[in-house]
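Here the structure is laid out as structure tokens; the discussion comes afterwards.
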């Protein structure tokens, strides 16, 4: 049998497998076999390097240009690079926090648009890295198909959200009824169209690279679109489930940086040489305290604790409700060691404050591993930042690498320990049913309530 020289037993892209010698040629076919093998070796030498590059062969992506405003450059020109970076990061951080407060004031819908905008920008930054790394090979349709798949996945997830939370609005619009009724079929058909386009775009010399980039696109979609969808799901549970986790990650990022900047001496992890144990530990305690206080403040206001609902009568999102027990003050007995410290036996807390400790702990101990993961990714492709969108901070993905991991945890936490039946959602589903179905449900519910003694049976006249 012939041996194929492609670093393994399988032929590589573009290689032709030589047929076995015909009967009668086995004894004298050595020269022909050698010639065929040489031809395969030439093909392997020409194209095999595309699929077998090592890390050292990956081209360096040009460093991003400095986009720091000139006014800041002039004001900080007399400082060392270390302090200059500290001031730039600090000023831009305060600016972003101020804008975030403004968007919170503008309401839930603007927060959803913010999440969508961040998702698209993060997707763009990751896809651009892949495009730059493999740009010299001119992969056909790579960028077009990447954005097409982004559109398809967003259509699917946001369509699911519309079907779940806007049922009464959809009921009034006949065109939307059709789209929602066949939403999953339409989503699948759109994805299949992109899949077929990818298969038709395959080029003989670039098979493996094209599949690399196909996988690159889908992993990027998993990281960005799926997680941003979970963020919006958390927001619908109540703005507090959106704000406390996100602000905890931001607090941990800031305080870990400050503790590391002023007290850092001991390196934490090789992937991020600037991260220190002092920053990690200081960030943990600061974040837990911050989360506990933030939970206490936000739990007082319906605007933050009530689930976000769409009211068809006013055609807008509303946050009005009777706060659940999570957001009502409860009295707790303190354990003995805290009694001695605080010199009191009982304390009044919102139950959500206890949950905030779990959220803050995850944000400060596990959340940073999202940043370490991103650091390893950047090192693999020899880049400092994902982009240069924010001076002193890098790209949007550099700021939100920990948020995506946090979003998944919060969603799992809510579904596992918090969420119960949602009366508003059940009512919306009932309103979509046919009148006969609604009447049957009414009769069944009435009978059930009479049997439990909640309703009195009607008197027969």
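Including glycine, each Cβ sits where the backbone N, Cα and C put it.
As given in TrEMBL:
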type	residues	note
COMPBIAS	22-56	compositional bias 'Basic and acidic residues'
REGION	1-65	region 'Disordered'
TRANSMEM	141-158	transmembrane segment
TRANSMEM	178-200	transmembrane segment
TRANSMEM	212-232	transmembrane segment
TRANSMEM	238-264	transmembrane segment
TRANSMEM	276-298	transmembrane segment
TRANSMEM	352-374	transmembrane segment
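Panel annotation: around the transmembrane segment (276-298), residues 240, 243-244, 247-248, 251-253, 255-261, 263-268, 304-305, 349-350, 352-353, 355-357, 359-361, 363-365, 368 of the same chain, lying at least six beyond its termini, place a Cβ under 8 Å from a Cβ of the stretch.
The recorded stretches the transmembrane segment (238-264) and the transmembrane segment (352-374) share 3+ CB pairs below 8 A when only pairs 6 or more apart in sequence are counted, and are therefore in contact. Within its own chain, the transmembrane segment (178-200) has Cβ neighbours under 8 Å at 141, 145, 148-149, 151-153, 155-156, 159-160, 162-163, 170, 210, 214, counting only residues six or more beyond its boundaries.
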